[in-house]
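Take a look at the structure below.
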Amino acid sequence: MDSDDIAPIAILMDELRSEDVQLRLNAIHSIPTIALALGPDRARDELVPFLQDSIDDEDEVLLALAEELGRNFEQYIGGSEYAHLLLAPLENLSSVEETLVRDKAAESITKIAAVLSNAQIEEYCIPLLKRLSGAEWFTSRTSSAALYPAVYDRVPTAIQDDLRKGYAALGSDDTPMVRRAAAKWLGPLLLKFSDPHILSDALPIYRRLESDDQDSVRLLTVEDLIAIAGKLKQSEIKEQLLKQIRHSISDKSWRVRYMAATHFNELAKAVGKEITREELIGQYVQLLKDNEAEVRTAASSQIPGFSELLEKEVILARIVPCVRDLSQDSSQHVRAALAMQISGLAPLLGRESTIEHLLPLFLQLLKDDFPEVRLNIISKLEIVNNVIGIELLSENLLPAIVELAEDKSWRVRQAIIEYIPPLAKQLGKPFFDEQLGNLCMSWLGDTVYSIREAAIVNLKNLTDVFGVDWSRSAIVPKVMGMGQHPNYLFRMTTVQAITIIMPSLNLDIVRSEIIESLLQLASDPIPNIRFNVAKSLEVLLSAYGNTSEGEAFVQQRILPVLEQQKNDQDADVRYFAARALQKVAVAT
């Protein structure tokens, strides 16, 4: 064997022994390249054993190794028939102390199991799983839980029986971390169980974990509950699960109740409409009235989804009173969550009930002290509009919207701006001009740049909604008038507005209304304005320079100005002018 053959693995060994963590990290990321250089045979015989023996003491390096071995690494050692060789180094990594490394190792073992044949699973994965499950140190047992779902349905019935017993042992392990892992992976595992084994095996494991003395274990069983409910018949759910559902929803730990509230819609869909209407309405109301704000916030996020499963009369009788209370909740986060979801009730209640019960709450939330609450209501108004119609919406909510347009929080002003085009479409030109026209122009002079930018995009969108003739009379004169303003920021806004709006206009408007003022700004004393004019002229070339009429206009009016700017004293102006001229040269 000559020195060239030894080189790749020798270099890797040297780098992995380096004191510099970054060098060791780079070495790990280069193992696919080294494996490629060695070829499949030597990668199997030399590289894999070396990786198995060289367990680093730095978690970051171990994490990178666990990740690399799961990235189709089997293709470098001869394909899936040899993929089982990668299990040994990953088994070592599954036992280390750092959780991130163990999780990544388990994930990579799962990926490798997917490419192994059933015979390989039985020969190599099952012994590995048994070693990890029965290991003395809890880290190995914790990692083993994640591997059961990957192999369970790939092995014969006799081994499946052993695996269920092994998993049950994890569910009653002395170490809370192992029981947490068992609770986390029970859901994915039981989806692979046959129906009889759900009742005989999955249910006892779930019940043991659901009554665990550690809330960190119990909170993970909420998703297991949903998975089990999805596999059982209605009669079986009533008989076997109702007690556990009540336990989770009224658990003494708020973290468990929070998980139940977060997944409540999934639970309701899993148990079906009949049980939801008989049993879960009271439980849900209980969560909406919980004494912990985090639980009420999570429950509020489920309101429209849960209400879809109920009759309209039940929503009005049970859910709407809770919504009314939540709209005055002491926690701003609860009110913000409610504001995001409340509009989803409008289609379920219909026009009359929305006007009677929800409209006052919208108005109240639009005037909330907390900006996020106002923001969330505004972002969902379109749903309400579709139910109650624009006339009522504008009559009741428009004054509040106009007030919010001058809100002290710029994010609220920005949300209002983004809502304007769809609102304008529904209001129609006359109403819009009368109520909101001046408001849209006033945003161009806002002190916050993001608002001025959003206001410009808004004008372009309005042009697309109402057409170029409306834009010619309502927008262009006001925008061009700002070009004469003594404050350079207003003049800058004019140039930026023209750049954005111009492609939506036509050459006639550009020639008669815009170009004169724009070319005057080409010699503005402020360099930022001059180079923005050059950028604007470049957009004009792209939009109109490809017709014969537009070409003549470019030659007569635009090119002389760009030639002049090409010799400007400011480097940025020269750069953007040259870029625009280059575009002309390419086009011609």
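Yeah, the Cβs are placed from backbone N, Cα and C, and that goes for glycine too.
Listed in TrEMBL:
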type   : residues : note
DOMAIN : 361-507  : domain 'Phosphatase 2A Regulatory Subunit A helical'
REPEAT : 86-124   : repeat 'HEAT'
REPEAT : 202-240  : repeat 'HEAT'
REPEAT : 241-279  : repeat 'HEAT'
REPEAT : 280-318  : repeat 'HEAT'
REPEAT : 319-357  : repeat 'HEAT'
REPEAT : 358-396  : repeat 'HEAT'
REPEAT : 397-435  : repeat 'HEAT'
REPEAT : 514-548  : repeat 'HEAT'
REPEAT : 558-588  : repeat 'HEAT'
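Sequence-distant neighbours of the repeat 'HEAT' (397-435) (same chain, 6+ residues past either end, Cβ-Cβ under 8 Å): 362-363, 366-367, 371, 374-375, 378-379, 381-382, 385, 390, 442-443, 446, 448, 450-451, 454-455, 458, 461-462, 464-466, 470, 474. Same-chain residues lying 6 or more positions outside the repeat 'HEAT' (241-279) and placing a CB less than 8 Å from one of its CB atoms are 206-207, 210-211, 215-216, 218-223, 225-230, 232, 234, 286-287, 290, 292, 294-295, 298-299, 301-302, 305-306, 309-311, 314.
Under 8 Å from some Cβ of the repeat 'HEAT' (202-240) lie the Cβ atoms of residues 167-168, 171-172, 176, 179-180, 182-184, 186-191, 193, 195, 247-248, 251, 253, 255-256, 258-260, 262-263, 266-267, 270-272, 274-275, all in the same chain and six or more residues away from its ends.
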